Amino acid sequence: MDDQTFILFGASGDLAKRKVLPALYNLHRDGKMPRRFTVIGASRRPYSREAFQGLVMDALHQYSRHPVDSDETTAEFLDRFHYVPFDAGNADDYTALKGYLEDLEARAHLPQNRLFYLAMAPDFFGTIAVQLQASGLTSGTGWKRLVIEKPFGHDYRSAAELNRQVSAAFDEREVFRIDHYLGKEMVQNIEIIRFANSIFEPLWNNRFISNVQITSSEVVGVEDRAAYYEKAGALRDMVQNHMMQMLMLIAMEPPSRLNTEAIRDEKVKVLRSLRRYDEAKIAQNVVRGQYLSGRVGGQEVVGYLNEPGVAPTSTTETFVAAKLYVDNFRWAGVPFYIRTGKRMKEKMTKIVVQFESIPDKLFFNKDSSLAPNLLTIHVNPVQGMELSINVEQEESGRVEPSEIDFTRESRNSPEAYERLIEDAMTDDPTFFTRWDEVSLAWKWVDPISEAFQQHQPLYPYIAGSTGPAAADELIRADGFRWWNG
Ligand code: BG6
């Protein structure tokens, strides 16, 4: 890994504390950091360097995967941290940052390799990119990279405008748009399950797969993020990015080789083949919901409309289920069902591939047909996969599904952010989203957001449930059911 400086905008914010700073520490502990690296924290707060280092330590104590020992490794890590008070709207602050950075690089004999990480409110993404260039911060003698968090715009137009600003300062190849689901171990494993095993790929098409279900359910509600969530809703918050990414990896064609652009080229073709819906089709194929009060994990919780910061008449959706079609040769006629929501029964992200049923001619069971084979990819919190196959049960003599189970409880393995930050630092953008992916995902989502603002019904569901009944109906109408549990 090249020696470099990591410039962290939004250094005192929640994301920095929970994810970015602990990820840097864990990479350092695992010996994955370059020999010489420096971090400059930048945010509005008027911290001294020591105060910022104190904040870093607090973040590590609270959120680090590795225990924080007061040893030399920790002291060495902390010593890399510097701080510059910074207001993204003030052009002078970029000049001051540049002066500080150049001075530091010179003193530490660092090449001018600069990774700019935007862990802050999206309103500033465009301004920062423009100002980084205008101030000359991007004109060092080394390389430059921009890591940018979601949301990348709130619809196609705003995303295109943001991209115009970003690409004035950075080449597409230098932009690392984070979708943290792409950093998850089992999401990264989808291509291995598919392309490194001869038993799945021959069946991976509309002749042998009857439907695919992608679920990401959460137990938490809107938490303290109403200001953002009220404008986003589940569609923009989860579907446009995370759900689409999982769909792309499941449905893509094998890439010609395992390199970044070949993989991204195949992913983007999935979005190009995704059936577009007009208003009438949206009404048939997309269900949205909003949580009521209920019991979650043994505790009474309020409904969405009573959450702090939520308008009492809000029509923001906290749940979306949809039926999608990838209209290409491989997938013609196969429904892909997606489902995501807050305040649901359990925290669970998983992908279920349901294979076609075999002809029921042999009547293994007299009173019921055979269960379909299922391949379940467990993303979170359980990780791994399960294959459900029919076998004769010893006691009853019935032919019932049994699981071949390759799951494991999460171990102390690197978190999504560690993988992604390491990739950005080593210049591997495979698991980041390319602009054409982002733009096509917005183009698919935009008509749905518009329909949501018109008269699309908003179905209430009880907190702690599996979502509104209309989502069950959506899939039942096709003769299938959600594979819960
Ligand atoms: C984020 C969303 O991108 O993903 C959150 O903004 C959501 O609303 C989170 O809670 C879910 O991520 P994970 O990794 O917990 O499934």
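All residue numbers here begin at 1 and follow the chain in the order shown.
A Cβ is built for glycine as well, from the same backbone N, Cα and C atoms used for every other residue.
The annotation in TrEMBL ties H180, K184, D237, K342, K347 to substrate, and of the candidates under consideration, E161, E201, E218, E261, the one tied to the same site is E218.
For the NADP(+) site that TrEMBL gives as G10, A11, S12, G13, D14, L15, A16, K17, K150, the extra residue drawn from R44, R49, R173 is R44.
Fewest other C-beta atoms within 10 angstroms, among the binding-site residues D14, E218, D237, are seen around D14. Rounded to a whole number, the distance between the Cα atoms of E218 (substrate binding site) and S12 (NADP(+) binding site) is 26 Å. Cα of E218 (substrate binding site) to Cα of H242 (active site, proton acceptor): a span of 13 Å. Counting other Cβ atoms within 10 Å of each Cβ, the binding-site residues R44, H180, K184, K342, K347 show the lowest value at K347.
Take the Cα of H242 (active site, proton acceptor) and measure to each of the binding-site residues D14, H180, K184: the nearest one is H180.
For S12 (NADP(+) binding site), the Cβ neighbour count at a 10 Å cut-off comes to 20, with all displayed protein chains included. In this structure the C-alpha atoms belonging to K347 (substrate binding site) and D14 (NADP(+) binding site) are separated by 21 Å. Proximity of the binding-site residues (G10, S12, D237, K342, K347) to ligand 1: a Cβ under 6 Å from the molecule is found for D237.
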